[in-house]
Amino acid sequence: MMSSEFFGNWFLPGIWITVQVTLLSAALAFVIAFPIGVLRTNRLWIVRFLAGAYFEIFRSTSSLVFMFWIAFTVPPVFNISFQPMFAGVLALGITYGAYASEIVRGALAAVPPAQREAGIALNFTPAQRLRRIELPQAWPEMIPPFNNLLIELLKGTSLVSLIAVADMTFAGDLLRLVKNESAPIYTLLLALYFVFAFVLTRGMRLLERHAKKRIGQAPEKTGLFSGMRAKSSIDAVTGTGGAK
Amino acid sequence: MNWNWSHVDDFMPLFWDGVELTLKALFFGTLIAFSLGLVWAIAQRSEKKWIRWPVTVFTEFIRNTPLLVQLFFLFYVVPEWGPSMSPLTTGIVGLGLHYSTYTSEVYRAGIEGVPDGQWEAATALSLSKRRTWTAVILPQAVRRVIPALGNYVIIMLKESPQMAAIGALDMLGQAQGYSQATFTYEAISVVGVAFIVIAYPASVLLRVLERRLVR
Amino acid sequence: MSADSSTSQEIPNPAVDGSELIRFDKVVKRYGSNTVLDELDFSVASGKHVTLIGPSGSGKTTILRLLMTLVKPDEGTIKVGDNYLTHEERNGKLVPAGEKHVREVRKNIGMVFQQFNLFPNMKVLRNITEAPVTVLGLSKDEAEQRARELLDLVGLGDRCDAYPSQLSGGQQQRVAIARALAMRPQVLLLDEVTSALDPELVAGVLDVLRDIAHTTDITMLCVTHEMSFARDISDQVLMFDSGRVIESGTPEKIFTEPEHERTREFLSAVL
C-alpha cells in the first residue's frame, strides 16, 4: 500500500490540484457561458451567429486534443510559455464554457414570453429586462444542468494529468510506476472522484434550494439517494432538450 | 510563428492509420454502449430489489468517475486477476462501459415516455412480458431516443483520444508519436481540426434527424 | 400627469384636455395569411374610457398589443399625442422608430394583462417599485411610498411581502393594476383582465377599476367580455368585426339600440 511519505508528498497535493483545477476551470467556464449564452439570444443575427459559432466549434472539439494543442502547440508556434496547469484550466474552461452557454441560452429561452411583454409594458430597456427579469428567473433553472456539467468537468480534470499537471490521477499513475502495484491506488482514485462528485451535487442542491427560495418557489424534495444527476430538461453535453 | 506544411504532409499516412483505429474503437464501443445501456435500463425497472439496487449503484459509480481512470483500471488492474487486453480492446471496453451508463438514462427516459396505456393494452391482450417489451414498448421507446443516442456517439468520438494514454495509436496517439519523434507540433493541429470536421456535420445531421423523429 | 423622469423632456407629453390622444391610421396587421386588422382607423380622446367589444379573433387584443409595442403593424401608423409610436420623423421622412424613440412615447402607456404577468421572482412591493426605480429613476423611498399608496387603493396594503405565487388570481391582478399605475401612465390598456379569474374573484378587480375610472382622468382602453362593466365605466364602445370598427357610440346606444346586425347578434350571444 502507499507509504505515508508518498501520500504526503504526492497524493495530498494531487487532491488539492484537482480541487484547484476544478474550481478554476468552472469559474472560467461560468464567466464565458453567461455572455455567450446571452449573445446567442441577441436580436442581431450576426451577433447570434458569432456566439453560436463559438458554441458549435468548441462543442465539436475533443477537449483532450484541445488541451494538448494549447499545452504543446501554442507555446512554440506563438513563442510564449505558460504553466501546464494554466493550459489545462484554459482548455477545460473554454470547452465547458461552450457547453454551459447552451444552458444559459436554453434557460433564458424558457422564460415565458409574457414576462418579456410585462417588461416592455413597464418600459424597461432590453438590458434592464435581461438583468432584472429574465436572468433572475432563468437562474434557478440553470442550476440542475450546471450541476451535471460540473460533474463532467470534475471528471474532465483527470485529463490534465496527461499534460504533466500533478493532479490526483497523475499522483496515482506515479505511484503505480514506483510501487508496481495498481489495484489499491486506482480503486482509491475512483472512490475519491465519486466522493467529490457527491459533494458537488450536495452543494449544488443547496444552491438550487436557495435560488428557488429567493424567487418564491418551493424547492423540490430530493432524497439522499435520488441519484447524483439532477433531472433537467436541458442537457448541455448532448445538446438535447431545452427551449430552442 | 513558424508553421511547416511539410510536417503535415509527412504526418498524413499516420493520421489515416489513426482515423482507422479511432473509428474502429468508436464502432465497437458504440455497440457495447447501446446494448449494455439497454440491459441497465431494463434491469433498473426490474421488480426485484436485488437486481435494481446493484445495477443502480454500479451505473452511478461508473457515470460519476473519470473515463481516464477507468481506462487505467482496466489496463493495469484487471490483468492482475483477469484477462489482459490490448490498448485498443481496453479502449473499446472502457468507452462502451462508460457510455452505457449514459445511454441507459436515455433508454430509461424513452421507456418512461411510452404512455401507461400501452402497458395496460399489452396486459389486456395478455402478451407475455418478453413480447410486451420487444413488440410494444421498445419499438416506441427506441424511435424516440435515436437522436439522443446519436449524440452520445459524437461524445464518445470526442472522448476516444483518452485511449492514447494507455498506448492506443488512435488519431491523438499517432499525432503524439509523430510529434515526439520529430520534435514538431503540426500533427496535433491536424487532429484537432479533424475532430471538428467530423463532429460538427454529424451533430447537424442529428439535429435534422431529431426534428424528423421526435414530434 | 406625466412621469417626472430626467429622460422625459425631449418629447412633450400630450395634454389631458379631451383632445385626440390615440390615432390609428390605416393600420394593417396580418398573421401569416390571416389579416387581423384591415386598414383600421380610429381615435381615442384624452381622458375617455373606451371599451372594445366583438367576437374573439376580431382584432381587439391586437390593438392593445400594437399600442404596447408588443407587435408591430404591417402597414399604417399609430400616433400617441403628437408623436408617432411606431415611426419617427427623420429628415422629413417617416422611418420605423428606434428603441429610444419607442421608449420615450411608450412611457405614457401602461398595460394590465389577462394572465397578470407579475414577476414571480419579486415580492409584491418590488413588483411595483422595480420599474419606477429603474426606468423612471425614482428613489427607492419615493417608489415604495407610491407603491404602498397604490396597494392601499387596490385593497392589498397588507400583502407587500408576499410573493405573487402566494396570492389568489384576483389579488395578483390587483397588484398588476397597481404596478401599471405606479408608472403614472396617461393611457391604461386592460386586456381581458378578468378572463383568467375564478368567477367569485371578478367583482373585486372590477370594483378597483371602476374606482380608478371614476376618480382619475386616466384614459382607458379596455377589451372585456364583462358587458355590465363596459356599460358602467365606458364613455364610448367600439364594436369590432373582421378587423374593422363596424359600429361605435355611447354604451346606452350600443347596448340598447344597436344599428348593425352583427352587433345585435353579438350582444344577444353574450348578454
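Just so you know, the numbers here start at 1 and follow the chain as drawn.
Here the Cβ of each residue, glycine as well, is placed from N, Cα and C on the backbone.
Under the heading domain 'ABC transmembrane type-1', TrEMBL lists A:15-201.
Residues 47-48, 50-51, 54-55, 85, 88-90, 92-94, 96-105, 108, 130, 149-150, 153-154, 157-158, 160, 165-170, 192, 196 of the same chain, all 6+ positions outside the transmembrane segment (A:15-39), place their C-beta atoms under 8 angstroms from a C-beta of that stretch. Sequence annotations record features per position, and here TrEMBL assigns transmembrane segment to A:15-39 (among others).
For the transmembrane segment (A:51-72), the list of distant contacts is 36-37, 39-40, 42, 84, 87-88, 90-92, 94-99, 101-102, 156, 159-160, 162-163, 239: same-chain residues at least six beyond its ends, Cβ to Cβ under 8 Å. As annotated by TrEMBL, transmembrane segment applies to A:51-72 (among others).
Counting residues 6+ beyond its ends, the transmembrane segment (A:78-99) has Cβ neighbours under 8 Å at 17, 20-21, 24-33, 36, 54-55, 57-59, 61, 63, 66-67, 69-71, 149, 152-153, 156-157, 159-160, 163-165, 236-237 in the same chain. The transmembrane segment annotation in TrEMBL covers A:78-99 (among others).
Among the features that TrEMBL reports, transmembrane segment is placed at A:149-171 (among others). Away from its own ends, the transmembrane segment (A:149-171) comes close to residues 10-11, 13-15, 17-18, 21-22, 25-26, 29, 63-64, 67-68, 71-72, 84-85, 87-88, 92, 95-96, 99-100, 103, 189, 192-193, 196-197, 200-201, 204, 228-229, 236-237 of its chain (Cβ-Cβ under 8 Å, at least six residues beyond either end).
Look at TrEMBL and you will find A:183-204 (among others) tagged as transmembrane segment. Taking Cβ pairs closer than 8 Å, the transmembrane segment (A:183-204) reaches residues 1-2, 15, 18-19, 22, 143-144, 146-147, 150-151, 154-155, 158, 168-169, 172, 175-176, 228, 230 in its own chain, all 6 or more past its ends.
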